[in-house]
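See below for the structure under consideration.
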Amino acid sequence: MTQAAEATLPPLNVPSYVKHARLIDWVQGVVALTKPARVVWCDGSQEEADRLCEQMVQAGTMRRLNPAKRPNSYLAWSDPSDVARVEDRTFICSQREEDAGPTNNWAAPAEMRNTLQGLFDGAMRGRTLYVVPFSMGPLGSPIAHIGVELSDSPYVAVNMRIMTRMGRAVWDVLGADGEFVPCVHSVGMPLAEGQADVAWPCNPVKYIVHYPETREIWSFGSGYGGNALLGKKCFALRIASTMGRDEGWLAEHMLILGVTTPKGRKFHVAAAFPSACGKTNFAMLIPPSGMDGWKVSTIGDDIAWIKPGQDGRLRAINPEAGYFGVAPGTSEKTNPNAMATLKANVIFTNVALTDDGDVWWEGMTDTPPAHLIDWQGKDWTPEIARETGRKAAHPNARFTAPASQCPSIDPEWENPQGVAIDAFIFGGRRSTTIPLVTEARDWVQGVYMAATMGSETTAAAVGQQGVVRRDPFAMLPFCGYNMADYFNHWLAVGQRLADAGATLPRIYCVNWFRKGPNGKFVWPGFGENMRVLKWMLGRLSGEAGGQEQVFGISPSYGDVDWTGLEFTPDQFQQVISVEAPAWREELALHGELFEQLAQGLPPALSRAKADIEHRLAAVQA
């Protein structure tokens, strides 16, 4: 680098408490590449957050909400082109293409580095580079890992403060030579001298790139959510799943909850659902009337890191410190705990603004306000919505809220040792075929259930099945390596635990979404899902019966506690039945998935499929 070029770079301003020479060198290298106007090391303080939020209010990026309605809360509206994760621009750049597998986008690492070098060269001109240190998981936990994100977005800095343990304390844990995942993010919109900024800078060209071997993340062009908050899906799932593969643990797209029985016995459950299946609602479940004395507590709503503990049991932490939840559909009816969490200290993105300075989204109330400003800054009324179909909030509008504000938060949620998992639950959105609840006969069959799970992508008409999108383990967009190898990894983790004499968690498959002949959902869902949870826990403690069926073990009508709910045996039959013709079709679809993943597919899963086919043939005979 020439002296003239060096002279144009800003001072690094490294705080005296940052002692990590390798990290400082890395920051210096990124500064030299991206050429920001300033470098700011985030300390995670309230004063810093207030300053950055005020800066964004002045820039038009955010607006402060009515403090009487939502204390210390803000609303951001993104560019209409930058509203969601971009799966087609998300790359796993492993050294070998087969390590990414057929379900990921792969690019040769050397070529991708070349491309990104060109894009990031001068990408932060005129902007501030924020150094954002964060811990995924409680600081110092043996299950936690540290990352550092370099971003030119103050929106990223303030959201990461809520979503992770972010700030000065991270440097104490990192010390002079600790391991960290390097993350680089730019909105990709450099500013020339004197050029006015826009409220939501972004670039039509987008890349979200992961290098599994070097544990690096580079993101360009988007300021939104999972594309820019690199601790979330990029680190906590794509990179962490690869770390787990190499080190013998699991990084999963799962909620974690605690369930305490009326007698005071506590269980912990981790559950994986694809999007639009009510994951956050289940994580914050309130037991229904008739189930007095049961208590459900929330440890996490989206991601679980699970490592074998010293006792041999699988122990899980929520690596996040906040909720980045979908707002539309969240209401006092569907999720009162989430609504209580959102009362203060929240950043809302792409929801509507009310005339009194509060927020609204579809599904929040039965009757919408008479007038709103929608997520694109336009006037909105119920009449306009009826005439044009225009939504007040974007369907993927989000809230970023501290987990500590959740009324149902579990007292163990920050236990650095994690909580011991008693059961795994996997579920999708299926209008037919899959029963309300099934217990796997063993670990291998449970892995088979999770590997073949899916959701309908279209609302099924009466008597018609929607198109099923397979989403193994709800990890299809988030697994950082070959999906067949991921199945092998789950089998290997179970085998290691069994060999060590540990008690394996039971595995269950659920489906809240079976429809009746009238095309309506039969199962009431929401809090009533507690009845299914109670049956599972009864199975764990040896108190609940069950009957063998083709796919595993399911409850009979008398095995479920119906206190306080009118649900007939006929209705129960509609949600629990296993129809042979539908299952023949289902198994054929499983076969299609296995063909796609044929290279490296565990033989144990092919045997599990053959076993189900054999049982199905026996039923028909």
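For all residues, glycine too, the Cβ spot is worked out from N, Cα and C.
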Have a look through ASP172, ASP177, ASP302, ASP311 and flag the one Swiss-Prot assigns to the Mn(2+) site that LYS233, HIS253 belong to. ASP302
ARG70, ARG85, ARG89, ARG539: which one does Swiss-Prot list with TYR224, GLY225, GLY226, SER275, ASN396, ALA397, ARG398 for the substrate site? ARG85
Recorded GTP site member, picked from ARG245, ARG429, ARG430, that accompanies ALA276, CYS277, GLY278, LYS279, THR280, ASN281, ARG398, PHE526, GLY527, GLU528, ASN529 in Swiss-Prot: ARG429
Starting from the Cβ centroid of LYS233, HIS253, ASP302, the recorded Mn(2+) site, name every other residue in that chain with its Cβ within 8 Å, sequence order please. LYS232, ALA236, LEU237, ILE303, PHE478
Other than ARG85, TYR224, GLY225, GLY226, SER275, ASN396, ALA397, ARG398 themselves, what residues in this chain have Cβ atoms within 8 Å of the centroid of the substrate site's Cβ atoms? VAL83, ALA84, PHE324, VAL326, THR349
What whole-number Å value do you get for the CA-CA distance of GLU528 (GTP binding site) and CYS277 (active site)? 15
Measuring Cα to Cα, how far is SER275 (substrate binding site) from PHE526 (GTP binding site) in Å? 16
Other C-beta atoms within 10 angstroms of the C-beta of ASN396 (substrate binding site) total 17
Integer Å value for the Cα distance linking PHE526 (GTP binding site) with CYS277 (active site) is 11
